[in-house]
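Undergrad: Mind looking over this structure? Questions follow.
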Amino acid sequence: VMPSSQAEEKQAPVEESEPGLENKAWSCLVFYLCFYGFMAQMRPGESFITPYLLGNFTKEQVTNEIMPVLTYSYLVVLVPIFLITDYLRYKPVLLLQGLSYVCVWLLLLFGRSVLHMQLMEAFYSVTMASRIAYSSYIFSLVCPARYQRMASYSRAAVLLGVFTSSVLGQLLVTVGRVSFTVLNYISLGFLIFSLGLALFLKHPKRTRMCGGALPYELDQMHPSVGHLEPQGKMGRLLRSCRESFLVRMLHEVGTSLQLPQLYLWCLWWIFNSAGYYLIVYYVHILWNVVTRVYNGAADAASTLLGAIMSFAAGFLKIRWALWSKLVIAAVTAVQAGLIFLLYNTQNIWICYAAFMVFRGAYQFLVPIATFRIASSMCKELCALVFGINTFLATVLKTCITLVVSDKRGLFLDVRSQHPTILTLSGAQIPSPWLVGPCWSRI
């Protein structure tokens, strides 16, 4: 596998030699993918699902019977989805996500029992697990020279969709006095439209595996000595397992992880994502401890800032193979400082500002990590690696929650939890140098 720095040097002239017609096709492709990513986030009723449920079920039913299903089912469906996403070439998984979203809102609107709502949470977990398909799909349609721009554009489009959806939902509720039921019907209409857009997405053709050969070509390149066939049913079963698409993909992933750049950004993804979502999950409780003023506006503003930072990341021109460690360490140090400030101030406006910058810093590095991982391996493995990273981050986040927050663990209040999350973020600052001996080979 070619080191990422060499790959970048060979990729550089590709973008310059592209004709005007190809640039026009590239622009149309970018616009449609970003428009789809934007519209797929238009769910103005999503911010009000919990109040809607509380209007139809008791607080105990929502808290102890309905919402926990999301966590459990997400862990169950995440692994099979990221294992099949590359094999199915992304588009079927995007269609599955769209259909699952439609099922979620149909159950919200027409479901009447706790079982219906639990099924709704199960479908919602499918939509969450399927998000890796969009992140991987965008790289299957463009050349490696376009990866950084494509990652930033698509991430910015998604965040702008979340921002627009949140603002629209808030305006409809507070200004238009729209009921939660009508808001859910509006969300269902947007979701049906985005499902229609998914039908017209280009289906990527299967390309060659990382080594430049398809499975049957690998057999021709590395024939067995004397063409010895394994004997018996067990031998044939072992041979079929070794030659299966999944086993070959996992082998390629293991080989690719020897690249220090891929290893570095995967570590960042796992640890930073776990810390980020722990902050996002509990920050509203912290704000409620301080006071409640403009929580919704703070969420919308932080999402908008994240979209701007993601877009700006696409235009950052530095030698990532050389400066990745420094960028990760600097941004993570800023995040750690913001977490310390967030949990140690009594001023709600400082809380808002610290959270906005913290979220913007994370969204700045996400597209960079996405395109760096994609650039370090073949297109066939993107969803598998993204899924593994997401799964490990989810496991880490769940373990921390069980130990720190759960009543069966330490059962700490929101302010007492901040040293754990701060330690999780601070541990990432020296972590880039743990791959120092490997980095010298780049």
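Glycine is treated like the rest: Cβ placed from N, Cα and C.
Remember, TrEMBL labels are computer predictions, not curated facts.
The transmembrane segment feature in TrEMBL is assigned to 66-85, 92-110, 156-176, 182-201, 262-287, 293-316, 323-343, 349-369, 381-404.
How buried are the listed features, and what sits near them?
TA: Listed as Cβ neighbours of the transmembrane segment (66-85) (distance under 8 Å, sequence separation of 6 or more from its ends, same chain) are residues 53, 57, 93, 114, 117-118, 121-122, 124-126, 128-130, 132-133, 136, 246, 383-384, 386-388, 390-391, 394-395, 398.
Residues of the same chain lying 6 or more positions beyond the ends of the transmembrane segment (92-110) and with a Cβ under 8 Å from any Cβ of it are 40, 43, 45, 49, 52, 81, 84-85, 116-117, 119-120, 123-124, 126-127, 130-131, 133-134, 137, 181, 184-185, 187-188, 191-192, 194-195, 198-199, 201, 383.
If you look at the transmembrane segment (156-176), the same-chain residues 6 or more away from its ends with a CB under 8 A from one of its CBs are 33-35, 37-48, 134, 183, 186, 296, 299-300, 303-304, 306-308, 310-311, 314, 363.
Tertiary neighbourhood of the transmembrane segment (293-316): same-chain residues 47, 148-153, 155-156, 159-160, 162-163, 166-167, 170, 284, 287, 348, 352, 355-357, 359-368, selected by CB-CB distance under 8 Å and a gap of 6+ residues from either end.
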Undergrad: Check the transmembrane segment (349-369) against each of 182-201, 262-287, 381-404 and return whichever range has the most CB pairs under 8 Å.
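TA: Ranked by Cβ pairs under 8 Å, first place goes to 262-287.
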